[in-house]
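Feature annotations, reproduced from Swiss-Prot:
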type	residues	note
ACT_SITE	101	active site, nucleophile
ACT_SITE	126	active site
């Protein structure tokens, strides 16, 4: 039996009455966003909206982005990335479980010094992927050129965020490159491995 979105009790400030709200709404009230699935356009739009709202509500308070994602759409992920860089609030990224592909890119894109992972988290980087299907050769060539351009752009950002050379990033992302939390810290994808909530 599938598990739906859990509801939790919530008491409005100054009220004695509780009401039930979904867990993600409750977390957002604590400035917590949970990226726990594939990055799609719809999910990216919701995360961007949350980031913009929370930043406008109190730009001096940090926003916590928990990540357990296999990755997903590059364009959707770049919308989240650009918004993270645009807003005034610090975005503290925390890997729980797996941050792969675009999930790892977003993890590394948190506020410097505030990119974290739990001890048993796994992080994986690789090059962007695209499909060809049954199409004309010129269309395939156009898509291949765009994927190569995006790959270069992502690699340049990762090199900047991690302190690695562009050549090392290109080599390491040529195939799936898995890291433990400690290895990701040494690589520069995160700043610290945490065991308790001291952030």
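Glycine is no exception: its Cβ is also placed from the backbone N, Cα and C atoms.
Quick caveat, the model's predicted, so the values are computed rather than measured.
Of all Cβ atoms in the protein chains displayed, 26 besides its own lie within 10 Å of the Cβ of residue 101 (active site, nucleophile). The Cβ of the residue listed as 'active site' lies under 8 Å from the Cβ of 100, 101, 173, 174, 175, 176, 177, each of which sits 6+ residues away along the same chain.
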